[in-house]
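According to TrEMBL, the feature Mg(2+) binding site maps to A:Glu71, A:Asp92, A:Ile94, A:Asp95, A:Asp221.
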Number of protein chains: 2
Amino acid sequence: MSESDLEEMFTLAVSVAKEAGQIIRDAFDKEKEVDTKLSAADLVTESDQAVEKIVNTRIMEKFPTHRFIGEETTSESGEKHELTDDPTWIIDPIDGTTNFVNRIQEVSFSLGIMVNKKTVIGVVYAPIKDEMFTARLGKGAYLNGMKLQASKITDLKQAVIITEGGSSRDAKEVEDKVKNIHALITHTRGIRAYGSAAVNLCHVAAGRGQGYVEYGIHIWDFIAGALIAKEAGAVVLDPTGCDLDPLRRRILCACSPEVAKGLSQILTHLDMGCD
Amino acid sequence: MSESDLEEMFTLAVSVAKEAGQIIRDAFDKEKEVDTKLSAADLVTESDQAVEKIVNTRIMEKFPTHRFIGEETTSESGEKHELTDDPTWIIDPIDGTTNFVNRIQEVSFSLGIMVNKKTVIGVVYAPIKDEMFTARLGKGAYLNGMKLQASKITDLKQAVIITEGGSSRDAKEVEDKVKNIHALITHTRGIRAYGSAAVNLCHVAAGRGQGYVEYGIHIWDFIAGALIAKEAGAVVLDPTGCDLDPLRRRILCACSPEVAKGLSQILTHLDMGCD
């Protein structure tokens with residue numbers, strides 16, 4: 001893949017993020033038709049579907065041979081994913097749908113592009129706050145054009161860690177997540193929860209807190225934010241400390257290797273299966 | 001107290017909030033000298049003290065007979081408070097000091113004024129986001145001059161609830177708080193945690209989520225935000241469902257009486273003593 005191909009893909013990625021953001025912004029204050037998916041807390045709206053459809057169209061017009069993985073398309077098909085070496089656009093039309101429905105401002109459009117199974121471009125746009133986070137592999141991470149740098153903290157006791165209750169209401173899964181929340185409160189300066197995985201990763205990239213851990217999310221939730229965090233100097237791993245497997249539905253992000261190691265040691269590692 | 005007295009107090013309250021906000025904004029991105037108070041997660045900085053001092057001076061210049069309760073003055077004296085009928089200015093110079101230290105944007109200056117033990121004015125200014133929340137008893141709540149209205153949701157299952165791990169690291173207290181987090185995840189659409197009680201209450205006032213509950217906070221954390229939430233149509237109570245006692249160190253805020261009742265029933269009510 002040539003530099004100019006990547007440049008063209010990046011330009012389209014930012015352009016569709018802006019278009020998606022406009023749709024999200026227009027719908028934000030309106031009443032929404034809400035459907036549920038796997039639990040009463042797992043939501044989808046017409047806007048999720050509308051954004052996914054238009055973004056898919058834009059990508060296919062310009063890059064008809066590229067692959068596409070979208071949250072809503074996938075939820076409907078229920079199929080397992082196989083990552084290939086082909087250029088693959090992975091999108092979450094609205095990351096933080098519960099926030100969107102409940103009018104909480106942390107909602108985002110997330111788009112990651114993988115080539116040869118490596119993320120080369122990440123774009124997360126939070127339209128209500130007009131924050132456009134972008135990263136290209138090896139070229140740094142940016143917020144509205146300003147270079148990002150993760151926090152320099154190395155001591156877990158000084159870290160604030162983002163985590164989430166998530167949308168599953170499976171009793172065992174909730175119990176394990178709560179156990180992790182307990183461990184995080186005990187060993188850190190505190191926890192935060194914003195309700196959007198993509199935004200959470202961008203917060204760590206921007207130095208707003210020192211880490212983020214979540215079990216039960218999907219590749220479309222974190223693939224773009226993970227690159228943005230890494231390009232801002234953060235560490236992104238599987239929570240066990242192994243390399244991140246983008247299909248294993250869990251992620252640990254920390255501003256430094258020391259904080260990552262500390263987190264990995266205090267957490268109970270939930271096996272979430274794979275996408 | 002005449003209407004014109006209240007008008008003058010409100011004008012001063014907004015003016016000192018802006019001055020405080022400027023100090024907080026100027027210090028936000030700089031390295032901070034951090035001291036701890038009751039636990040390693042209970043922080044104070046020079047900026048907290050500087051803001052409190054200047055605000056105290058401004059108030060005493062203009063209203064020398066009024067009383068003053070400030071977080072940092074109180075932490076130093078360790079004395080119990082007695083609320084009198086005198087006009088009393090109650091401030092938290094930086095609500096969300098951990099956020100301030102860790103460069104997380106939800107920090108605020110909080111100022112409530114009580115007369116005859118009733119809150120008559122509430123001002124919360126979040127300077128990094130430039131959000132000025134104001135309320136006067138019986139006159140509605142505003143964000144940067146725009147009228148606020150809490151969410152209309154009545155079903156707890158559709159509600160997103162804000163809560164916090166807090167700064168105490170007492171094992172029993174953390175355990176009880178985690179038990180409540182478990183209950184909240186189970187019975188609602190999810191939890192959020194932003195790290196500032198004053199901001200949390202303003203979020204509910206602004207319809208960004210449907211409720212907020214916290215045990216272990218203080219009068220200066222919530223007195224202003226509680227009026228703002230109430231004036232936006234939310235319900236503010238003691239978590240048991242009784243009237244709020246501003247010195248009992250706990251609060252429940254919900255967008256509707258139904259959500260308040262639901263929350264009260266699923267929570268374990270921690271006795272936090274009194275200020």
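Note that the numbers count up from 1, one per residue, in the order the chain is shown.
The backbone N, Cα and C atoms fix where each Cβ goes, and this holds for glycine too.
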Cβ-centroid neighbours of Mg(2+) site A:Glu71, A:Asp92, A:Ile94, A:Asp95, A:Asp221, 8 Å, sequence order: A:Asp48, A:Ile91, A:Pro93, A:Gly96, A:Thr97, A:Ser108, A:Phe109, A:Ser110, A:Ser196, A:Ala197, A:Ala198, A:His218, A:Trp220
Structural state of A:Ile94 (Mg(2+) binding site), classified by DSSP into three states: strand
A:Glu71 (Mg(2+) binding site): secondary structure state under DSSP, collapsed to three categories: helix
Cβ neighbours of A:Asp95 (Mg(2+) binding site) where a neighbour is any other Cβ within 10 Å: 31
Assigned conformation of A:Asp221 (Mg(2+) binding site) - DSSP reduced to three states: helix
Same-chain residues at least 6 apart in sequence whose Cβ lies under 8 Å from A:Asp92 (Mg(2+) binding site): A:Gly70, A:Glu71, A:Ser108, A:Phe109, A:Ser110, A:Ala198, A:His218, A:Trp220, A:Asp221
Cβ neighbours within the same chain of A:Ile94 (Mg(2+) binding site) - under 8 Å, at least six residues apart: A:Ile24, A:Thr45, A:Ser47, A:Asp48, A:Val51, A:Phe100, A:Val107, A:Ser108, A:Phe109
